[in-house]
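Asker: One structure coming up, written as structure tokens, with questions to follow.
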Amino acid sequence: MTAIPTTVTITGAGGQIGYAAMFRIASGAMLGADRPVRLRLLEIPQGMRGAEGAALELADCAFPLLAGVELSDDPAVAFDGANVALLVGSRPRTAGMERGELLAANGAIFGPQGRAIGEHAAADVRVAVVGNPANTNALIAQQHAPDVPAERFTALTRLDHNRAVGLLAAEAGARVEEIAGVAIWGNHSATQYPDVSHATIAGRAALEVVDPAWARGAFVERVAQRGAEIIEVRGGSSVASAANAAIEHVRDWVRGDGAVTSAALVSRGEYGVPEGLVSSFPVRSVNGAWEVVEGLGIDTFSRGRIDASVAELAAEREAVRELGLLG
Ligand SMILES: NC(=O)c1ccc[n+]([C@@H]2O[C@H](COP(=O)([O-])OP(=O)(O)OC[C@H]3O[C@@H](n4cnc5c(N)ncnc54)[C@H](O)[C@@H]3O)[C@@H](O)[C@H]2O)c1
Ligand SMILES: O=C(O)C[C@H](O)C(=O)O
């Protein structure tokens, strides 16, 4: 076992996703059975009792990989030496809201946290933003940490990706492991584009296996609206599936096998996405760094959907600039 523990900071650790994620992280599901972890739990004072209770339960699990748990309501302390930062802490939407409506309420959280990451985290820090609206919150955090390489700031679209894979497998009557090459483009919002143009099912082109009209109609809408569907059915936003997606995002980033998945990264202009926006792309992790899968053909339908979601990201960037949240 490696002697030096990886420091993982979880914000919003007294909330639902934090609770669902931390036990799996402590058990090795994120970084592997050979990597001890030290957890840093960041909360606001009102959330501290929840985080304290979770820390008591972590102790009661006696996880061999758990090298320590520290709680704080100070980002400078919680991000000190962080190798992985899961930025979960923020308000979830409720029924009838769009995620973008949380911008003003939640955006203000991410500037100070980005600054604290820039000033205190480890040189190899990897940041995954879960709190909504995740893409633009990641942009805000990244803009406040100018000395951290921009590629270390990401936002979660793995949940959308997993939803798309699950739905496609069910429609095709295939196993999940037979699905490859699904991509989520754009924003983690209702405008996102779950794209199966380059996907395969058991080695065959997905668009030859499922009805293309479904793949570009009902499928896209179902994935894009899945968060709202969960809120309506459960009475609260997704928790376990979100925690699972965050764990898989970091796991594949750190230990990735080169398989294609989806993550929102700071654009370098790939596929015409304006530089600097945090947009979802088809990605693979190579040597511990996300790379956008380049060279995919984009037809007219896909172009229209990607452009629409990217336009929303550009509008969100303008909105947070006007709110003074970009620093
Ligand atoms: N990207 C995704 O795929 C995805 C999926 C599901 C949920 N989410 C989002 O994740 C966020 C958290 O969801 P949840 O269900 O855990 O919510 P929750 O309300 O259960 O927990 C949020 C926690 O964050 C804490 N918090 C608030 N401000 C904070 C701050 N400045 N620093 C540290 N902690 C702070 C709160 O005290 C609370 O304990 C929401 O914004 C939700 O919309 C994203
Ligand atoms: O939809 C939400 O508000 C929660 C989350 O982003 C989700 O996709 O489930």
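Cβ coordinates are placed from backbone N, Cα and C, and glycine is handled just like the others.
The model shown is predicted, which means the values in this text are computed figures rather than measured ones.
Pasting the feature list from TrEMBL:
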type	residues	note
ACT_SITE	His188	active site, proton acceptor
BINDING	Gly12, Ala13, Gly14, Gly15, Gln16, Ile17, Gly18, Asn106, Gln113, Val130, Gly131, Asn132	NAD(+) binding site
BINDING	Arg93, Arg99, Asn132, Arg163	substrate binding site
DOMAIN	7-148	domain 'Lactate/malate dehydrogenase N-terminal'
DOMAIN	157-320	domain 'Lactate/malate dehydrogenase C-terminal'
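Show me how these features fit into the structure around them.
Answerer: Just so you know, the Cβ of His188 (active site, proton acceptor) picks up 32 other Cβ atoms within 10 Å once every protein chain is counted.
Over all protein chains present, the Cβ of Gln16 (NAD(+) binding site) has 18 other Cβ atoms lying within 10 Å.
Around the Cβ of Asn132 (substrate binding site), the same chain contributes Ser90, Pro92, Arg93, Arg99, Leu102, Asn106, His188, each under 8 angstroms and 6 or more positions distant in sequence.
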Asker: What same-chain residues, at least 6 away in sequence, bring their CB to under 8 Å of the CB of Gly12 (NAD(+) binding site)?
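Answerer: Sequence-distant Cβ neighbours: Gly18, Leu42, Glu43, Gly47, Leu87, Val88, Gly89, Ser90, Gly131.
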Asker: Can you list which of these recorded positions (Gly14, Gln113, His188) have a Cβ closer than 6 Å to ligand 1?
Answerer: Gly14, His188
Asker: Out of Gly14, Gln16, Gln113, the binding-site residues in the record, which is closest to Arg163 (substrate binding site) when you go by Cα distance?
Answerer: Gln16
Asker: Looking at the binding-site residues Gly12, Gln16, Gln113, Arg163, which have a C-beta within less than 6 Å of some atom in ligand 2?
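Answerer: Going through Gly12, Gln16, Gln113, Arg163 in sequence order, none turns out to be close to ligand 2.
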